[in-house]
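Copied from TrEMBL, the annotated features are:
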type	residues	note
TRANSMEM	23-46	transmembrane segment
TRANSMEM	66-85	transmembrane segment
TRANSMEM	97-118	transmembrane segment
DOMAIN	148-277	domain 'NACHT'
REGION	713-732	region 'Disordered'
COMPBIAS	719-731	compositional bias 'Polar residues'
REGION	918-949	region 'Disordered'
COMPBIAS	922-936	compositional bias 'Basic and acidic residues'
Amino acid sequence: MTRWRWVVKRLRRGTRRVLKRRWPWYVLAVAGVLLISARWLSPILVGAVEEYFGASVETRDQLSSPVSLAVGFASLVLSAIGLRWQSRSFQSPAEQVATGPVVAPVAGMASLAVPAVGTVKPVRGRGELVSELLLLHKWRGHRIRARVRILYGRGGEGKTTVAQQVAILAERREVSVWWISAAEETELQTGMRQLARRLGATVQELEREWVENAPDVLWRRLTAYPDRWLLVIDNADDSRMLAPHDEPVAYQRGWLRPVNTKRGAILVTSREGDPATWGEWCQLHLVEPLSPVDGADVLLDHVPSHAGSHNDAKGLSIRLGGSPLALTLTGRYLADANRVPLPGGITTFSAYRDALDRGNLAALFPDRGDQSEQPRRVIAQTWELSLELLADRGLRSARTLLRLLALFADAPIPHHQLLDPDVLAASPLFSGIEAAHLRRVLHGLDALGLINLGNDSGIEPAAAAGAIPTIRLHLLIRDVSLHHLRGTPQLRPTIALAAQLLELATSSSRVGEVADPAAWPTWHNLMPHTVHMLKLAAATSDPDLQTIANATHAALRGTQYLSHSGLYTLALSDSQTIRDITSQLLGAEHPSTLQARDNLALCTGQAGDWQSARDQFAELLPIRHRVLGPDHPDTLTTRNHLAEWRGQAGDPAGARDELAELLPIRQRVLGPEHPDTLTTRNDLALWTGRGGDASAARDQFAELLPIRERVLGPEHPDTLTTRNDLASWTGQAGDPVAARDQFAELLPIRERVLGNEHPDTRGTRGNLATWTGWAGDSEAARDRFAELLNTSLQLVGPKHPDTLRCRQGLAIWTGYAGDPAAARDQLTELLPVQEAVQGASHPETLITRTNIAIWNIRLGDLVLAQNQLTELLPIREQLQGPEHPDTLGIREALAHCAYKAGDWDAAKEQLARVLAAQERSLGPEHPDTVDSRNELAKWSGDATDQPFT
């Protein structure tokens, strides 16, 4: 029976595919059958009609009833089928797959579209390969087992071109095609995440599972995708990026796995061709150089026939080694040369071959024995001829511009931001160049295939709203350009110019503030080039110090962008690189080195090592004080940072006092509404609250918020931080419902502006959980913390302070939700981790210790609880003072412990002292004060009541 069900299921699935893809042919076939059968059906139909109209009324009714019933039934069936197909046609693939809340669209940097190639032309010499790959999505291709195909070969052999051809033709066959670049790990990770979103991944999948099991999330969605699909992974030259660390792709645990559904297929382009790397479930296709005939056809596709005969083209194809890239560049060169022929110019296949034969590039490219040398030599030759053609047309700066572009990282180059005509014109390399001439040079390089401008051919802002035009260079062209540049005296001045352009492009006046999410798409494109340029400048012999300084400024801003966007680990790694380079080349006390050290300390704290951040700032401050002066803005910034991380490391009163001392200095030096002054006001309010005065903190934030909204804007990240803090201290000052409502209103704004996974967004989510609990919904608070803990574990790891705070919140609200034993056990398990990571006297550690004792009281272990609280009280009094709310909380817990133990007089006396202190420090109407007053009245009136139950 099971076997028959399987057969029926397969038949139904196959029938659906046939009806979906081939229904026009079936309609035509049915029509043909009806036409052919009309000859013998006609007499029957005529006789039936005559009988019907010749009959009596009663007989007509008898004849028409079954016919009407049949027609009505057929109409009903056809209508149902039509509605079914209509509903399927209007249902998106994501809706068909999704089983939970789908992630809201966010501003992304990755496109999954197939790269545009203009008019699609046949790819010469690859027809059989393209047809074989397209067979994967044809009817007879469903029996093919190997549905993961690897196109491998040397650079410039046309692997990407074949993949583009297959992808475009597949899209025309209604196959869903997604294109992801694996040239850089960032592009790969971003593309895969974007694909998961496209496939309908839920918030839970992207936030809880992505860091730990991202490939599993993606493959779960791919497997469930209901339509035919093709995933192209381009430029996967380093297969290690496709698999977990220290595992080969063949283990099937990374991004690349066997495709077990006949609806899907994967196409990978790579230089790696070792079958052991890919696994038996991958089928490899070697993309070899083109044959002389096919190579000649490539040339003739570009060049008019009077450039020479087919045999001449074959000879040139052989001379070019059959490299599709070299053939394309050569064809474009000759096409351009023939459009505007010059005396003595190279306009024929034979002349071009003779020019190649006269070139002596062996000395420029010594044989290293690797497989990339031959295409590199070929590209070098065609490159030279193309640049000579541009020079003959008056575009003599084309060679210098191409070399300048080759200095940037192997990533899209945002040329509208980088190629400033005024800076270029001031350089001896481009003396006096004008914007119009620069535009013509870019167009000339693009026309000859040396760069790829896409649909943009100028240097003005793109017409498309939000578009960031970029230039791309083929890797071999970049290699050749750099190779030539390294052998010339222009290397140092070209690097200096590139660093100067990058320093200007990353200035806040050009790209916007690093804290402004509106500027992040541009920063995303600039970031890969910043640290790359610093490394490149540092690697030259006898580096120019001004060049290093310019590159350092750009790199520091790049790490600040990473920090503000929440990418703390990347920011920390790049900051260490910058600090090492500047210390070695500029000196330990150079201003750029000091700024690099400040950045590194800040990123260290943001990555979770609060004590180390505090110590680094404490070591840096006297140096900046001595080198820059006590009132220099950078010195004041370090003072602010030191106070902040002193508080985070466990000294809130010390942080508050330092910030109170710093604020009037910043107001005098920078002005009362300078953003840095407002930052100090915000931090002072925060540590005033954490120092024990919640009402004062709330009032300071309420006074600061409208100023930040006016100066920075209502959705600036710093303004949102003030809103977050105001909500928190509104709750701390005694209004938990208002706090909950403010956080609920703030959360969607932070999610939209910063993204779901940004640390500040996660912080607001945790605050909403806390104040949801204090507003009366303990179960909801517990559930929110459980969800947030999974996200934090995946994003920052088990020992990050954010994760520890989530564990603490989950334990506390598990107890308030009705399971005090679980709360105590979770807190007991958390305590040694906090002591190891944050220190035994850190406020967060002390909160955990206090709550362990409180849950022991609730569970009836009064002796243990009293001992724990007695140990804690002097520590709290020493660190935070005798009337800090947390200290009073311990004294109140001791009073409850005494009351439950039966020592009612001592309990009432202790609670009365707590109440008096609360009235002084919190105010008579604070909820904690009111609770203590009511509890004391209850104890005085009825000694049998049991508190803490």
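Using N, Cα and C of the backbone, Cβ positions are placed for all residues, glycine too.
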Secondary structure content, the domain 'NACHT' (148-277) (per DSSP, counts of residues): 60 helix, 25 strand, 45 coil
Averaged pLDDT score, the domain 'NACHT' (148-277): 86
Composition by DSSP (helix, strand, coil) of residues within the compositional bias 'Polar residues' (719-731): 13 helix, 0 strand, 0 coil
For the compositional bias 'Basic and acidic residues' (922-936), residues assigned helix / strand / coil by DSSP: 10 helix, 0 strand, 5 coil
